[in-house]
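S.K.: I'd like to ask you about the structure that follows.
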């Protein structure tokens with residue numbers, strides 16, 4: 001148990017609470033401690049009965065059962081892997097910027113969910129974070145099942161197809177990818193690469209609650225790096241440097 005505790009404490013702060021909530025809320029629904037109908041997003045109940053917790057619980061809840069357990073575990077793995085990589089990579093030392101990204105993506109997904117009558121928002125938020133990571137590391141070569149190798153920028157779409165095979169739908173993944181693209185375009189692509197005005201910036205109150213852990217100016221002051229990233233440890237999708245002669249990586253464990 002101490003090994004599990006040490007591993008859990010090693011997860012970056014924000015990812016740790018998101019990961020824990022994504023386990024605790026489905027478990028609460030599975031055990032019947034709270035009726036799962038109170039955990040999903042129902043527009044009528046949200047607007048007319050003022051059940052304001054639903055946008056939050058619907059982001060953390062997933063109906064785990066014999067037909068959905070594997071899909072849940074796969075996406076929980078993606079949450080852990082790519083939220084951790086973003087929090088300790090592009091957003092390292094900038095917790096306010098990372099929280100702002102999550103809040104922006106979450107708000108967009110909640111609005112979309114209310115408009116499209118979606119009850120579960122876990123997968124879209126996870127996919128939006130994965131999409132941002134893939135764009136910030138777009139030239140990195142990743143390995144997927146059966147030794148398939150491709151650039152990280154294609155990873156969200158490969159996973160969309162993968163989840164379609166095991167889950168039968170691509171709506172959640174597609175919405176997550178589109179929201180992730182919206183954030184990446186407004187925060188990085190348009191102002192930094194295309195020279196446009198900046199439409200997104202982290203609010204000052206987030207910096208007061210979550211100050212940067214490193215010196216320098218708040219926010220992002222340089223375009224995202226286009227250089228290949230160094231290999232990252234861990235199972236799942238393996239990241240390898242472009243052009244380097246590497247040993248076969250560990251394939252996806254999903």
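Here the Cβ of each residue, glycine as well, is placed from N, Cα and C on the backbone.
Pulled these features from TrEMBL for this protein:
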TRANSMEM  17-40  transmembrane segment
TRANSMEM  60-80  transmembrane segment
TRANSMEM  101-134  transmembrane segment
TRANSMEM  154-186  transmembrane segment
S.K.: Which residues of the chain, 6 or more past the ends of the transmembrane segment (101-134), have a CB below 8 A from one of its CBs?
M.R.: 14, 18, 22, 40-43, 46, 55, 58-63, 75, 78-79, 82-83, 85-86, 89-91, 152-156, 159-160, 163, 171-173, 175-177, 179-184, 187, 200
S.K.: Which residues of the same chain, at least 6 past either end of the transmembrane segment (60-80), have a Cβ under 8 Å from a Cβ in it?
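M.R.: Same-chain residues near the transmembrane segment (60-80) but 6 or more away: 11, 15, 18-19, 21-26, 29-30, 36, 39-40, 120, 122-123, 126-127, 129-130, 159, 162-163, 166-167, 236, 253-254.
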S.K.: Residue list, the transmembrane segment (154-186) vs rest of chain: Cβ under 8 Å, 6 or more residues beyond ends.
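M.R.: Answer is 68, 70-71, 74-75, 78, 101, 104-105, 108-109, 112, 116, 118, 120, 123-132, 134-136, 142, 144, 148, 199-200, 237, 254.
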